[in-house]
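What follows is a single structure, written as structure tokens, with notes after it.
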């Protein structure tokens with residue numbers, strides 16, 4: 001939403017090393033552009049300008065935080081409208097084919113579904129602002145408590161998939177650059193492309209077939225529950241983590257390779273080469289920091305995917321994560337649960353994108369110290 | 001005679017009679033030895049069960065939204081959960097479908113079958129140590145019949161007018177006579193809870209063979225054996241674990257790798273592959289569930305009986321059973337009853353695929369242009385394939401069917417029982433009366449063929465209160481013929497329940513009542529090491 005509008009701020013928008021990447025304009029344009037919808041802008045225009053100038057990073061974070069509150073509000077409104085637009089309400093979908101008019105009527109009255117949409121949304125919002133997300137309509141359990149468990153499971157899985165896949169992807173990307181157009185580069189490319197081309201459920205099934213059914217070395221199903229020890233949990237998530245690593249690896253690896261190669265063709269790398277520096281040193285010291293912004297963005301997107309987009313993997317491996325929880329809730333139009341899940345997912349995307357932008361700025365001295 | 005046969009079966013079930021005695025008495029009563037043999041076999045399989053072990057079941061149908069309140073149980077998963085921890089007043093016999101005592105020890109109808117007196121079993125303890133009282137029973141039934149009730153059993157309980165205690169007996173007064181009342185009380189929602197579950201509907205405290213140890217909706221449920229169980233012929237394993245597995249391939253992988261002992265809903269498309277695994281046994285049980293193509297009899301163009309007949313003759317039933325059910329099922333005859341029901345009217349001619357007759361009726365109906373059929377894969381597994389197969393077989397009779405695929409989400413609200421021609425499924429009901437009352441009575445909420453026939457309604461109500469079985473069977477024959485020849489139902493197939501287990505699992509009882517041994521699988525099987 002911030003790509004549009006002129007770049008009027010003091011931060012240089014052209015001439016950055018990664019100028020070829022489309023996201024860089026968005027990146028550097030952000031702290032400079034005063035947003036009329038932004039509440040803080042009204043306090044003192046000149047103060048804000050000076051603040052932006054002196055502490056661009058702090059200003060960026062403040063502005064992003066303010067915007068994300070607005071965004072989350074918009075998301076909640078859209079989710080609520082979306083559920084309303086879906087055919088059938090909670091009472092009819094929950095009872096399904098076995099619905100009787102009287103039971104439907106009783107549930108509607110019980111949950112206040114007979115009241116107008118705006119009234120229901122406002123009463124939900126009233127609770128949510130105070131941190132009370134209500135109780136699930138279907139199971140009557142507290143949404144907060146339920147999500148706590150599920151989110152913990154999702155983060156656990158995503159964390160281990162990330163600490164395996166991110167270093168692996170970046171490392172392989174660098175390796176591919178070092179051996180570019182030679183055999184290691186080609187092997188890395190072919191294997192990772194094959195892994196990303198297969199649908200994730202198929203990768204999952206293949207792993208289950210070989211490691212759980214044929215060789216019997218892996219744990220399946222990957223169901224985790226409270227009474228499990230950490231080692232049991234780790235063994236349970238081995239196969240889903242392997243699947244996720246295979247799925248996200250290629251994207252990050254190829255972006256690393258492309259970004260570094262892009263930088264490698266620039267003049268200062270040639271200079272470094274002429275100075276007689278070793279290839280790996282050039283990549284690690286000179287090329288990588290300048291290539292970090294696009295890579296970080298891809299990593300952030302993939303991390304977000306690992307948290308919110310892995311419902312298929314959850315189903316295949318019978319893993320109780322957030323994705324399955326939200327799908328179950330949408331199926332029966334369980335509004336409080338859908339709202340809470342949707343907001344958490346949105347918050348993750350916003351947070352990870354913000355983190356990616358901040359890291360990109362920190363990694364690039366020219367963005368860190370604007371003229 | 002049928003009553004006596006049921007009585008004998010019940011005695012065997014309760015372990016009060018051995019094989020020789022049973023056969024002797026059955027022969028004396030003139031029951032064919034082969035029939036008697038099969039009756040005995042079902043319960044004899046349960047001989048010498050081994051106790052102990054940890055039983056794991058991988059089941060389809062759980063969701064994070066599952067409620068612990070038995071009144072709101074809907075999924076296959078919660079169905080089994082409820083059977084593990086709770087008891088109903090009455091159970092149904094696995095092969096005959098006759099009512100057998102559970103928490104109700106015995107019962108007596110009044111002469112017109114409108115007042116029923118139940119003796120409640122004594123000395124039964126709930127999991128929390130409290131003794132079951134008549135009050136708990138009454139409160140439970142009231143909670144499910146209350147007009148504010150959200151119970152799934154509300155439909156079947158509607159006919160109960162008054163629930164009261166007469167000393168230590170339960171007396172139910174009905175709005176009209178109903179010879180099948182005990183079977184209505186077998187409904188899986190009607191678990192007897194302490195104080196009827198009014199204080200704590202979600203407590204999962206009952207009188208069943210297993211106590212709930214942990215429950216995470218949509219994930220897992222674990223159970224420990226109830227040492228104080230009032231019955232000794234069930235609950236053989238020490239602990240049970242139900243794992244939610246909604247993915248068909250995940251279930252098969254878990255079973256063939258030995259991670260679970262039992263799975264439900266085996267896909268007919270892959271059952272033949274699974275059969276080849278040396279450690280696996282396929283358990284298929286013929287049941288009352290059926291897949292249907294339904295037309296609204298009061299909506300054009302389906303208000304023309306010739307068009308309905310043309311569409312019925314266009315259905316290639318054998319191919320449907322073969323292709324859609326993988327052979328795990330039986331052909332249907334356009335009325336919703338099969339021979340697993342008591343008082344099944346035999347001798348009604350099987351309708352077959354006949355393009356010539358279809359073409360004849362189609363011409364007579366005067367209809368022209370395509371017939372729109374709405375379907376979705378949620379209607380039944382393979383519904384879209386079935387609709388396309390049907391389109392092909394109808395084409396040979398010169399009838400053009402346009403198949404419209406509807407979104408699965410909202411299908412039950414927007415298409416089924418709303419659009420004039422669609423696909424759907426029905427689970428069975430305990431009795432013929434209940435099946436017809438649910439979907440073919442003019443005033444029924446779920447009359448999804450809009451079969452509005454006062455003459456049919458009259459026979460249905462008469463049959464309900466008729467205690468003479470021969471007369472009743474005749475009435476059911478008339479009703480079946482009416483639905484078959486004049487109704488809006490095309491019933492190509494009755495589906496089997498297809499489950500699978502490892503060979504370690506013994507004592508599985510094939511129960512016509514419902515899927516997974518009528519939900520009792522975990523209480524009936526044992527593990528043979």
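Backbone N, Cα and C define each Cβ position, glycine as well.
The structure displayed is predicted, hence computed values, not measured ones.
Looking at A:233-252, A:253-272, the stretch flagged in TrEMBL as transmembrane segment turns out to be A:233-252. Taking pairs at least six residues apart, the transmembrane segment (A:291-317) and the transmembrane segment (A:155-175) share three or more Cβ pairs below 8 Å and count as touching.
Using the rule of three or more Cβ pairs under 8 Å, pairs at least 6 apart in sequence, the transmembrane segment (A:57-79) is in contact with the transmembrane segment (A:337-363).
Sequence-remote contacts of a segment are chain residues at least 6 beyond its ends whose Cβ falls under 8 Å from one of its Cβ atoms, and for the transmembrane segment (A:155-175) they are 184-185, 188, 192, 224, 233-234, 237, 240-241, 244-245, 248-249, 251-257, 260, 280, 283-284, 288, 295, 299, 302-303, 306-307, 310, 319, 321.
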